[in-house]
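These notes are about the structure you will find just below.
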Amino acid sequence: MPTTHPPAQPVPTGGAREAKRALRREILGWRAQRSEEGRTAHGAALAEAALRTEPLAAVVAAGGCVAAYVGVGSEPRTLPLLDALVARGVEVLLPALRRDWSMTWGRYVAHDALVAAERGLLEPAEAPHGLARAGLVLLPGLAMGPDGMRLGRGGGAYDRALGAAAPHAPLLVVLHPEEVGLPVPAEPHDRAVDGALTVDGIAWCEHAQ
């Protein structure tokens, strides 16, 4: 179980950004081949697998708080997991992305209480909370390297937001199994995560094992 979140180890060349773009294109191509029916089935399987993991089971037992997000587009579907957590008494926080790309967090109650936001996102109507409230954080992403480097969409919003996470809260990126363990280049602003949540459970990265 992780105790601290190590800083990124930047790639000492100017090619990291272009390497990230190429990897994003490749993974988005993989994801685009999935049918909507397949995404729905995957979301249900992901929820079942997540609830069997020790970190999520501990949060449920304690009636704790999880920060998460609503998977949209080609992302893994997270709503089945969010609904399952709420049904078990867990407080679920979702991000609201502001114009300056900072984030605030609001409580998830139900799918029909979410509002459509820019970039196709679904967000809580009100977001007065901070990320430090959460005992576990689920993040979107496209890949995770063995060292915990997370490949996002390139905006950097989550890298900045994670600075406010509770020091001992596990940071888990939600992925497909084949997206785990890929070499992810790092830039100075990148933050490592602790592991990846997939339908196979949690794959912890090197520093969290």
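Easy rule for this one: first residue shown is 1, then count along the chain.
Backbone N, Cα and C define each Cβ position, glycine as well.
According to TrEMBL, the feature ATP binding site maps to LYS20, ARG21, ALA22, LEU23, ARG24, ARG150, LEU151, GLY152, ARG153, GLY154, GLY155, GLY156, ALA157, TYR158. In three-state terms derived from DSSP, GLY155 (ATP binding site) belongs to neither a helical nor a strand segment and is classed as coil. Summarising the environment of GLY155 (ATP binding site), the number of other Cβ atoms within 10 Å of its Cβ, over all protein chains shown, is 11.
Counting only same-chain residues six or more apart in sequence, the Cβ atoms lying under 8 angstroms from the Cβ of GLU75 (substrate binding site) belong to ARG31, PRO140, VAL174. The feature substrate binding site is assigned by TrEMBL to VAL70, GLU75.
With LYS20, ARG21, ALA22, LEU23, ARG24, ARG150, LEU151, GLY152, ARG153, GLY154, GLY155, GLY156, ALA157, TYR158 listed as the residues that bind ATP, the site has a largest C-alpha separation of 20 Å. ALA22 (ATP binding site) is surrounded by 11 other CB atoms, counting those within 10 A of its CB over all protein chains shown. Of the binding-site residues LYS20, ARG24, ARG153, LYS20 has the largest number of other Cβ atoms within 10 Å of its own Cβ.
Distance between Cα atoms for ARG153 (ATP binding site) and VAL70 (substrate binding site): 15 Å, as a whole number.
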